[in-house]
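Feature annotation from TrEMBL assigns transmembrane segment to 58-75, 126-143, 155-176, 196-216, 237-258, 320-340, 352-372, 384-405, 480-503.
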Amino acid sequence: MLSKPHQRAHGRSAIELKDLENGAVSNTFQMLTDDVPDGRDSPHDAYTTLSFQQKKNIVFLILLYLIQGVPMGLVKGSIPYFLKPHCTYSDIAIYSLAAYPYSLKVLWSPIVDTYYFPNFGRRKTWVAPCTFFLACTLLFFSYNIDVWIERGSSYIKSFTVWSFFLVFICATQDIAVDGWSLNMLDAHQLNYASTAQTVGLNTGFFLSFTVLLVLTSPEFANSLLRLSPLDEGLITLSGYIRFWALITLISVIFVLFWEEQKPDRVASMRDTFRSIRDILSLKNMKQLMVVHLFGKVGFVANETLTLLKATEFGLSKAMLSLIILINFPLGLILGVYIGHISNNRPLYVWLWGYWGRTSSILFNIALVYAVAHFSEKFSMFLSILVCYTLNASFMTVQFVSIGVFHSQISDPAIGGTYMTILNTLSNLGGTWPQYIMLKLTDWVTFSYCSTDDSLQCITDDLKNQCMDSGGHCIYKRDGYYFTSIVGIFLSIFLCIIAIFPIVRQLNKVSASSWHIHGKYSSI
């Protein structure tokens with residue numbers, strides 16, 4: 001039978017929600033800027049006291065986080081770019097729903113944290129089967145993904161369902177691995193758990209997004225590595241997924257035989273849910289919920305569609321990967337700097353990033369319009385690089401500053417649970433508008449082929465069909481420009497009537513007003 005202990009755990013909760021795209025910036029900022037408390041070893045001293053087993057544990061954690069990052073990089077990173085030639089924006093909107101489990105895992109994290117088989121291990125009860133099902137699902141993907149992508153709209157719903165299941169497995173495994181990491185190292189060495197998560201998740205995401213787009217690009221292989229051009233890249237998408245299915249399956253063996261310490265005390269699931277309820281009932285939290293849930297509505301469509309739109313006008317996957325690669329170290333450096341200047345009034349720094357992202361929409365609109373008329377690839381690359389860097393910088397400003405604010409207001413009595421709720425709200429605010437805004441883009445787009453009025457130019461396949469017939473696409477109304485302009489007005493309107501007044505008020509309240517005053521001090 002599953003064990004349901006009712007003792008309260010001491011210290012941090014095992015559930016922590018991490019943002020994949022900005023995790024490296026956040027964790028790097030924390031490691032470089034956090035002061036070492038008195039009486040605690042410095043990170044360097046902690047490293048010298050690591051035993052051989054603890055070093056093995058760190059490598060093991062990196063592996064577990066890596067096999068989470070790979071499928072997340074596929075679902076949230078590269079697959080939308082593979083789908084774009086064969087799908088409408090409405091189809092991509094449907095596919096975006098697959099990422100929801102990672103933004104909602106706080107709903108079932110207390111279950112994962114509470115129920116387990118005592119004889120097998122509190123964390124292994126969940127990590128082992130999740131890793132096995134992850135391998136099986138990836139293997140299933142490898143034999144079907146080429147058909148799903150090629151047939152685009154016809155298979156988008158089933159593709160989304162399976163991708164949703166894949167992300168759900170990753171999210172569930174992440175809950176258990178986060179908790180396991182807290183028991184593998186001593187209290188003064190937990191910074192290595194954060195480092196393992198950063199290295200693993202972001203390496204997996206990087207391999208399945210940036211590196212994958214480069215290696216599957218025929219243009220990259222033909223221009224740099226081949227004497228005779230071919231129509232395929234160095235690797236295939238299905239072959240890449242099959243390789244990681246095998247690596248994940250091998251990882252199950254390590255999980256089964258890895259030693260796990262028995263938990264001293266485990267939090268009651270009832271108390272955890274009660275603490276979540278009490279946190280969400282706070283007046284300050286209700287106001288912050290408005291900021292989190294509506295603070296990204298105006299940006300979502302433009303930031304999601306700009307690079308996808310650029311690929312329609314000739315931006316190759318290899319060029320896109322290079323742009324992302326260049327911005328990665330820049331984001332780390334900026335993140336550290338923003339962390340330093342956000343200590344006093346982080347919400348005002350976040351607000352500065354808000355207006356920066358609003359203004360960058362105008363630059364992106366101008367970019368897309370200009371790219372449509374560029375014939376020289378270097379000019380296209382340079383323009384996209386500048387605009388992407390500008391937009392990514394303001395995103396980093398917002399992410400790091402709100403992370404500082406979260407750490408300042410979190411009730412230390414319930415540790416990671418509080419941070420999980422805050423990060424869930426923040427992530428959800430960037431997830432729920434995406435479906436609506438992408439759908440809107442297709443609804444307001446009106447285009448047709450000059451040789452056939454019934455042929456709409458809504459996918460790259462249909463555009464090629466129009467060109468093959470000797471015609472060209474005529475756009476009476478492009479939904480990209482419409483939703484981007486709507487986004488600007490929404491950003492300004494929401495900031496004036498709600499976001500700025502709330503930010504100004506929350507900046508005045510004390511940190512203690514965010515606490516639930518030790519009602520669950522041992523959770």
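Using the three backbone atoms N, Cα and C, a Cβ is placed for every residue, glycine included.
Annotation: stretch 126-143 has the most Cβ pairs under 8 Å to the transmembrane segment (237-258), among 126-143, 384-405, 480-503. Within the same chain, residues 64, 67, 71, 112, 116, 120, 162, 165-166, 169-170, 172-173, 175-177, 180, 238-239, 241-242, 244-246, 248-249, 251-252, 255-256 sit at least 6 positions outside the transmembrane segment (126-143) and bring their C-beta atoms closer than 8 Å to a C-beta of that stretch. Recorded stretches compared: 58-75, 384-405, 480-503; the one with the most Cβ pairs under 8 Å to the transmembrane segment (352-372) is 384-405.
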